[in-house]
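These features come from TrEMBL:
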BINDING   Arg5, Gln6, Ala7, Gly8, Arg9, Asp54, Tyr129, Ser184, His303  substrate binding site
SITE      Asp54  site 'Transition state stabilizer'
DOMAIN    117-133  domain 'Uroporphyrinogen decarboxylase (URO-D)'
Amino acid sequence: MWFMRQAGRSLPEYREIRSGIGMLESCFDPALVCEITMQPVRRHQVDGAILFSDIVVPLKAAGIDLDIVAGRGPVVAEPVRTAADVAALPRLEGDEVGAIARAVDLLLDELGGTPLIGFAGAPFTLASYLVEGGPSRGHERTKALMYSDPQTWHRLAGALADVTITFLKTQLDAGVDAIQLFDSWAGALSLADYREYVLPHSERVFAEIEGAGVPRIHFGVGTAELLGAMGEAGADVVGVDWRTPLDVAQRRVGDGKALQGNLDPAVLFASPDVVEAHARRICAEADAAVASGAAGHIFNLGHGVPPDTDPQVLTDLVQLVHSL
Ligand SMILES: Cc1c2[nH]c(c1CCC(=O)O)Cc1[nH]c(c(CCC(=O)O)c1C)Cc1[nH]c(c(CCC(=O)O)c1C)Cc1[nH]c(c(C)c1CCC(=O)O)C2
């Protein structure tokens, strides 16, 4: 088990080490990346470390003018909305993310036996930030581009798949033990639109890294209707949010793939007996999923750790799930 966003503002040691240093600046400082990645591993005894970085790091490295604004998320100075904007997008060669490879190097020494999970954003979720110019509820401009100019959309998603492939290969060459492709906002799409506009690009990402031979996790929020297709994209593990019980998710994903999830992060704010009841239910649903063909279960939340979570609740949850 591990937690999405296990490194971050829920930890006082994170808030302390980050004070006075910008989010993106810290992502390009190998020693800091190493230390922040280690913090939740030391504190909670989770079974996996996730590289401290962000999905927009490779876009920044490629030269796109963007920032991560505290409490808001990634903000892009000049949104990408036309064919000319897409044609002008810079490529990521790989050298620009050398600091991330050095951070992986440091981590492999620190971690001992704990596996390191690398990650990247999937083309749709990255495109949403670029087209909208920042976080969005409805992804209206992104969908409008997709529907009204499919050719430009596919060029954009293709260019972002290239960036993601380079970023993941950098991490894989440096030695990460697994990767997770975050398509956090893909749940905004219908299954038909996902298949037409997104799946081919995510599929190419997974195919390009298959040779590395490490487990590949694919995750999004609100993806109940997409779980089968997200598995088909080439994942070995499909991340499930709290809306779909794991045994139901198994039937949608099909046999032979593992599942990851799916405690509602809001449950972390309830009393200990409520947390325990939900953790027990999820383990039982995971057992049922495995009995009917899932390749395994990784306990996680259904989305990231909220910043105001009491870290002791997470530490206790790790102990509980290990004992179960
Ligand atoms: C959509 C997305 C982003 N970034 C990411 C996603 C996909 C995962 C998801 O769906 O949550 C991925 C991400 N971002 C971060 C990690 C670190 C690794 C981990 O999970 O511990 C990971 C895996 C660090 C971060 N990325 C960010 C923080 C907070 C910045 C800070 O501490 O100042 C962290 C720890 C900033 C960020 N970056 C992004 C958002 C929405 C935010 C939050 C804005 C805010 O609430 O301040 C974009």
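Glycine residues also receive a Cβ, built from the backbone N, Cα and C atoms like all the rest.
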PLDDT averaged over the residues of the domain 'Uroporphyrinogen decarboxylase (URO-D)' (117-133):
98
Determine the binding-site residues, out of Ala7, Arg9, Tyr129, lying near ligand 1 in the sense that the CB is under 6 Å from one of its atoms, and give them in sequence order.
Ala7, Arg9
C-alpha of Asp54 (site 'Transition state stabilizer') to C-alpha of Arg5 (substrate binding site): distance in Å?
10
Which site among Arg5, Arg9, His303 has the most other CB atoms no more than 10 Å from its CB, taking these as binding-site residues?
His303
Which residues of the same chain, at least 6 positions away in sequence, have a Cβ lying under 8 Å from the Cβ of Tyr129 (substrate binding site)?
Ile55, Val56, Leu59, Leu66, Gly73, Pro74, Val76, Pro135
Taking the Cβ of Ala7 (substrate binding site) as the reference point, list residues of the same chain whose Cβ is under 8 angstroms away and which are at least six residues distant in sequence.
Tyr14, Ile36, Thr37, Gln39, Pro40, Ile50, Phe52
Any idea of the Cα spread of the substrate site, Arg5, Gln6, Ala7, Gly8, Arg9, Asp54, Tyr129, Ser184, His303, as a max distance in Å?
23
Could you give me the DSSP helix, strand and coil counts for the domain 'Uroporphyrinogen decarboxylase (URO-D)' (117-133)?
10 helix, 5 strand, 2 coil
Through the lens of DSSP with three states only, how would you label His303 (substrate binding site)?
coil
